[in-house]
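Annotated in Swiss-Prot:
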BINDING   10, 11, 12, 13, 14, 15, 16, 17, 18, 33  ATP binding site
REPEAT    417-468  repeat 'RCC1 1'
REPEAT    521-586  repeat 'RCC1 3'
REPEAT    587-636  repeat 'RCC1 4'
């Protein structure tokens with residue numbers, strides 16, 4: 001006992017005394033179970049040893065942590081975690097007749113669910129799950145199960161035949177002497193959930209025979225109708241007399257009412273409040289530092305072309321790079337990378353965002369006014385702009401797959417197919433059922449029942465596609481851009497009607513329009529078709545369509561009608577403000593829409609509603625449109641731009657130029673472009689080194 005100082009006796013268990021002790025090394029409070037081995041029967045000693053054996057196998061935040069065991073004065077001492085909030089049974093008793101909210105019930109229940117799932121995954125049966133063995137932390141928010149004294153480790157048998165446990169929680173099969181397996185723990189879990197909802201036990205009687213009769217007949221008082229039908233049905237399912245009809249733990253975890261509280265655990269439990277609140281870099285995108293469950297920013301670095309020359313001499317250039325230009329930056333500017341690989345980028349009106357290979361969100365923002373280097377009075381040379389890169393830190397377990405930016409709002413898609421949005425809530429583009437701004441990524445709850453595979457943001461609306469090829473849209477509805485047959489706006493996702501044989505693969509949002517690409521390379525479009533930027537005019541050759549064949553606006557998704565968009569296999573497409581670009585399977589590049597600034601890539605500025613094949617470009621793999629310029633990527637990493645050149649749009653010091661010309665990136669090795677995004681007058685482009693496959697020797 002050199003390590004511990006006994007404080008008081010807090011209970012007497014089945015086999016011994018329970019002490020509250022203070023650990024001398026760090027003054028932490030721990031529980032010490034004192035089990036007098038010599039006075040115990042063989043079965044009792046085996047039970048005590050079993051508890052140690054089981055606790056060593058378990059490691060979970062919702063299970064009482066095991067520290068060590070040792071012998072002291074012929075007694076077995078087990079040191080374990082102290083839960084100061086008391087038992088769940090005490091908590092329920094103190095409620096008197098004041099029923100708990102359903103959210104509170106589910107918050108506690110899913111923690112027990114996760115703990116039991118961990119136990120069963122270790123091939124262990126708890127066999128004595130009850131509210132007296134479920135403990136709470138000091139805030140009574142975190143639930144931990146304990147008391148594994150009569151647990152059973154399943155080595156080779158799949159069932160345990162001994163009848164143990166508290167009578168009120170014993171399952172019907174145990175009353176009949178049938179084997180005990182995981183489904184008996186499910187019954188006990190159902191009893192605990194019933195107790196949380198009713199503040200009383202499901203099965204109680206004056207004597208054991210009467211109790212067994214109630215259990216065998218499945219007779220218990222109905223649950224209050226203040227709770228949802230889903231919760232009441234879940235309890236009924238878990239308390240089914242037939243063990244085979246009780247749900248498995250993973251089925252319960254997948255239940256509709258459990259998904260949200262389970263997700264909340266991973267975003268809320270264990271968060272640390274920050275006392276010092278940093279000034280955000282922008283009004284919308286900065287995370288709510290110090291707010292529970294929020295995303296915080298960290299790891300600042302600065303980068304810019306002004307220091308590029310000196311850094312070359314000291315350190316080799318990074319293998320993975322992200323470049324930006326536009327808004328006054330006339331040549332590609334390498335952004336600080338935080339020593340990571342960015343695999344996808346997106347641009348909004350004010351946001352520059354990326355996703356790293358490890359599934360983290362990274363953002364680049366200009367420093368706030370006054371935070372840069374001071375300039376000398378009378379200086380005329382303009383400093384190259386600098387950017388600060390930050391990781392947007394979520395809670396553990398969240399891996400971001402892709403990001404898409406709108407005007408002042410952002411959507412991100414996780415590897416589990418869940419969409420989260422944050423930023424400005426105007427026009428309902430966050431999809432949360434309201435128009436409120438959200439400064440931390442928040443799950444779009446209406447889509448939790450679907451697995452999303454891709455999402456796209458326009459200026460003020462969003463489209464998303466599921467793994468079942470369904471499409472949802474929400475946000476601003478002007479011009480029919482949502483494809484819902486009206487111009488109404490929606491602040492909650494709405495399912496889009498698609499042709500019966502159309503299998504959606506990719507969605508794309510423009511400023512005031514939308515497109516959907518199918519697995520068969522068909523294209524649907526809706527919204528504003530000004531200048532035929534969606535290809536909805538009936539065009540069969542090189543002649544301009546008659547006014548009868550011209551389409552200005554559609555409110556439902558329709559197949560594109562302009563050749564060759566409706567005849568060639570289109571593999572990549574992007575929409576700008578007034579024009580669009582498409583890439584065929586053969587690597588050809590077609591532009592269509594306005595040509596006011598030469599953004600269609602032809603030598604003249606004449607307006608035409610006929611798609612134009614950009615000459616001189618071959619092997620194009622991807623392309624993008626800004627407000628009045630176009631960008632294309634070649635198979636070997638070549639970057640071409642054309643159109644309006646003001647304020648650095650083209651990545652070179654030229655004004656409007658209607659013929660594609662290359663953009664020079666500061667790369668000393670061969671590279672490929674992994675992702676590109678254009679928005680308004682800006683471009684964001686990610687590259688990685690290109691390594692040739694070694695040939696046969």
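Note: Cβ is positioned from N, Cα and C throughout, glycine not excepted.
Keep in mind it's a predicted model, so treat the numbers as computed, not measured.
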Give me the DSSP three-state residue breakdown of the repeat 'RCC1 1' (417-468), ordered helix, strand, coil. 6 helix, 23 strand, 23 coil
With DSSP as the reference, give the number of residues of the repeat 'RCC1 3' (521-586) in helix, strand and coil. 6 helix, 27 strand, 33 coil
Row residue 18 (ATP binding site), column other C-beta within 10 angstroms, all chains, value 16
Per DSSP (three-state), residue 12 (ATP binding site) is strand
Using DSSP, how many residues in the repeat 'RCC1 4' (587-636) fall into helix, strand and coil? 0 helix, 19 strand, 31 coil
Which value does the mean pLDDT take for the repeat 'RCC1 1' (417-468) in this predicted structure? 91
